[in-house]
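For reference, TrEMBL has these:
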type	residues	note
SIGNAL	1-21	signal peptide
BINDING	194, 195, 196, 265	beta-D-galactose binding site
ACT_SITE	194	active site, proton donor
ACT_SITE	329	active site, proton acceptor
């Protein structure tokens, strides 16, 4: 048995015993679940509450999977590219792996140099979620995953109940709904979906020719560690970060660096009132004719262009190289718990976190 398969089997056993002890109910063994509406379908897994595939037609009726990923769950166990999971408790980076809450300093696992990335090395992307509800077909197929994050997990305070629902609706719409409730202590929460998209089909080449429009007139100024160390938000006007008018992703990509490599790893402040559903982005692939419109109720969105993909083994024998996909990760402000000038991402006991995304596909 391969090491990743053995690790997965042990995790399944531990999760099963934990679910019995906690009395949470539902299915906790790792599986792959499909939602389908005609020629529109997605596959998800409860390993990391992860989106594994999304298949839809192009303008000529040809079907393709537009999500980058792996062939098997065992391959996701050792994945370091974050293909498709929900990340948390706090997505993106936390400076120095620490924050202060109610006068107490909390130290987290540092898994990105001196900082914490996507909740730590065993964040929500590396745990088995419980399948609470599953309706594979019909007028509105959906699946709901549940995870109880325990007090002290990866250094975060308090017990936290987390639910993620993936739902299909007509025509060609995917909804992703994330909810979390702090049970007994205040804690930061900032979840995100880390799916890489290529509207031409995964493994079809780079996304530099995709046209991107962002409903964002400001961006968060990030340092070389991709952290908002200055706490500054700046206008996109006159910069290569300006996608207010639809522009090819690759048009100015050589003018920007996402940390230490050329490409976008940029955080944008979404125009409009925070916590209200509003348009975030529009992306179109001129070759296939596929397009997607993203709506969400979060403050910011992280645009990442797969800068670190390099001969990365993907699905169906495909190999992903730099710029093979893009992510649009809606979320609260990066490192908000270390920046009082940003809106708070702290939940008090009994408070609920709500994060809704709607992706409307067309062709």
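Each residue, glycine too, has its Cβ placed from N, Cα and C.
Residues 82, 83, 84, 304, 306, 325, 326, 327, 328, 329 surround the recorded beta-D-galactose site, their Cβ atoms falling within 8 Å of the Cβ centroid of 194, 195, 196, 265, which are themselves excluded. When other Cβ atoms within 10 Å of the Cβ of residue 194 (beta-D-galactose binding site) are tallied across all protein chains shown, the result is 22. Sequence-distant contacts of residue 329 (active site, proton acceptor), defined by Cβ-Cβ distance under 8 angstroms and a gap of at least six in the same chain, are 91, 92, 192, 193, 194, 301, 302, 304. Sequence-distant neighbours of residue 195 (beta-D-galactose binding site) (same chain, 6+ apart, CB under 8 A from its CB) are 51, 67, 68, 83, 84, 327. Within 10 Å of the C-beta of residue 196 (beta-D-galactose binding site) we count 25 further C-beta atoms, all protein chains included. Taking a C-beta cut-off of under 8 angstroms and a sequence separation of 6 or more, residue 265 (beta-D-galactose binding site) has the following same-chain neighbours: 222, 226, 258, 259, 302, 303, 304, 305, 307.
Binding residues for beta-D-galactose (194, 195, 196, 265) extend across at most 14 Å, taking the greatest CA-CA distance.
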